[in-house]
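Trainee: For reference, TrEMBL lists these features for the protein:
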- 126-146: transmembrane segment (TRANSMEM)
- 153-171: transmembrane segment (TRANSMEM)
- 209-230: transmembrane segment (TRANSMEM)
- 251-273: transmembrane segment (TRANSMEM)
- 346-373: transmembrane segment (TRANSMEM)
- 394-416: transmembrane segment (TRANSMEM)
- 457-479: transmembrane segment (TRANSMEM)
- 494-517: transmembrane segment (TRANSMEM)
- 529-551: transmembrane segment (TRANSMEM)
Amino acid sequence: ICVSRCPDRYLTFLAASASPASGELEYYREFCVPGFQATRKAPLDVLKDRECPSMLIPSTPLARRCFPAIQAKKGVIMVGNQTTFDDGHGHHRNVTELLEGAKKANVVLEARQLAMKIFEDYTVSWYWIIIGLIIAMVASLIFIVLLRFLAGIMIWVMIVMVILVLGYGIFHCYMEYARLKGEAGSDLSLKDVGFHTDFRVYLHLRQTWLAFMIILCVVEAVVILLLIFLRKRILIAIALIKEASRAVGHIMTSLLFPLVTFFLLCLCIAYWASTAVFLSTSNEAIYKVFNETACQFSGQNCNPETFNTSNVTKLCPDAQCLFAFYGGETAYHKYLIIFQFFNLFMFFWLANFVIALGQVTLAGAFASYYWAFRKPDDMPAFPLFSAFSRALRYHTGSLAFGSLILAIVQVIRVVLEYLDHRLKAAESKFAKFLLGCLKCCFWCLEKFIKFLNRNAYIMIAIYGTNFCTSARNAFFLLMRNIIRVAVLDKVTDFLLFLGKLLIVGSVGILAFFFFTHRIKLVQDSAPSLNYYWVPILTVIVGSYLIANGFFSVYGMCVDTLFLCF
């Protein structure tokens, strides 16, 4: 029952009805169903029909609900400054019996206190968090600039280190194999020992170390052979990575472009979410006839405002018109799930379009850098703005078509997840297997389409051809250079992974030492916090998002220059 305020005293309905002149019954009416008239029914019938609560307890509002006003004074639990209450039958009961009813409220209280403490931590540490994120931004920029000088060194150092680590592994396996010679039980085969959960048993067998040594020798040989045959491709990859660093240096505004994409994505999410909320709350309150004895109207819809004057109460005296559920029985309400799916499909289409627009814009800007004979003289004055204008003016249809294909696959994946959720309780193993196969296939298809779209958008930005032509040309161009693609992809992925690890790790460690007062120089400046992990986690997540944004631009630059090359 919705009430204007919570009760502030102990009172039972029977006690209030027994002395109507005292004004207690008038007070009690505040907590009964709207329009309740005390004179019309006997008190027991009122309670039986659930028109009034049987008892009031001193309460306080919590999360817009009335809960018993429990407090502890000197270790004694009290409700409304009393330790006992009258239960309406002349018995005095202890207020601890009310604790059971309010037990679940503790979770809300604790969550509220936690949220308040976290909010306090943010209010005293927000400017330090911003400084941490600025450091992450500067570090990302420095890393991209340094790649033009250090890319080759970093890649060759890592390749040599991999070879040395594998070599040491072979040497260690041989030493262990030689050490175990002549030891009791070491000559047993893996077949004789069988399966053991304690894997240390296998480390006492010579055969184990021999197997490890053979595996590592094969891996070492494969790595060396790959290096011999792929050395030119690795040199091309290094040259492209260095050139990408120069391109980003000439078009510095490209590093801020992910903010535009992020803003447009936020608009898409806001529109989708508000539409989804409007759809899901467009239901109506459905009331049905409930009764304890046989009644021909049982389960039928009813209107609570006119129910007492209707035929039903005359034919079925114990019938009640009660709220059943939120929903509706019109054609609109029946097909509401289809509207939700359509809304989700439009969200995927719009979101993919925004991402595609960002990719074409960046590809257009970096392509204008690549094809400029004299850099930066032959480049447009504002390469990013020119590329954005071209994308919107000439390529909107191509972007919409590419996004549509991806959105259809994503919606099919959502439908499969929905069916999987609905069939969880089903015993059919074949249906589960089939769904699992379909989910796997569509996941692979989505990954492939994303890869193809990305390269098709680059071709659109370079040549201005339509989506289908660009996708076909990009696909065959990549297939003709498949080894170069694989080498460049892995080398770039490795460098960008290293960059993210370096930036997020260093900024996270710096934040940890600062907020835990371990840096003596700035010990007094660091704020006192309830939970020091709150700003640290915020800085780490923020640093990752910033590094990811910067490196996504850099990755797009490498891919564009590669297709141009």
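From the backbone N, Cα and C atoms, a Cβ is placed for every residue, glycine too.
Bear in mind that the values here come from a model prediction, so they are computed numbers and not experimental data.
Give me the structural setting of these features: burial, nearby parts and distances.
Mentor: Within the chain carrying the transmembrane segment (126-146), a Cβ under 8 angstroms from the stretch's Cβ atoms is held by residues 245, 248-249, 255, 499, 502-504, 506-507, 510-511, 514-515, 526-527, 535, 538-539, 542-543, 546-547, 550-551, 554, all 6 or more beyond its ends.
Sequence-distant contacts of the transmembrane segment (153-171) (same chain, at least 6 residues past either end, Cβ-Cβ under 8 Å): 212-213, 216-217, 219-220, 223-224, 227, 234, 237-238, 491, 494-495, 498.
Within the same chain, residues 141, 144, 343-344, 346-347, 350-351, 354-355, 357-358, 361-362, 365-366, 369, 383-384, 549-550, 552-553, 557 sit at least 6 positions outside the transmembrane segment (251-273) and bring their C-beta atoms closer than 8 Å to a C-beta of that stretch.
Same-chain residues lying 6 or more positions outside the transmembrane segment (346-373) and placing a CB less than 8 Å from one of its CB atoms are 244, 247, 250-251, 254, 257-258, 260-261, 264-265, 268-269, 271-272, 379-380, 383-384, 386-388, 390-392, 395, 399-400, 402-404, 406-407, 410-411, 453-454, 457-458, 460-462, 553, 556-557, 559-561, 564-565.
Within the same chain, residues 356, 359-361, 363-364, 367, 387, 390-391, 394-395, 397-399, 401-402, 485, 559-560, 563-564 sit at least 6 positions outside the transmembrane segment (457-479) and bring their C-beta atoms closer than 8 Å to a C-beta of that stretch.
Beyond the transmembrane segment (529-551), the same-chain residues lying 6 or more positions past its ends with a Cβ under 8 Å from any Cβ of the stretch are 117-118, 120-122, 124-125, 128-129, 132-133, 136-137, 139-141, 144, 255, 258-259, 262, 496, 499-500, 503-504, 507-508, 511-512, 515-516.
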Trainee: Mind checking which residues of the chain, 6+ beyond the ends of the transmembrane segment (394-416), have their Cβ under 8 Å from one of its Cβ atoms?
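Mentor: Beyond its ends, the transmembrane segment (394-416) has Cβ neighbours at 341, 344-345, 348-350, 352-353, 355-357, 360, 435, 438-439, 442-443, 445-446, 449-450, 453, 456-457, 460-461, 464, 466-467, 470-471.
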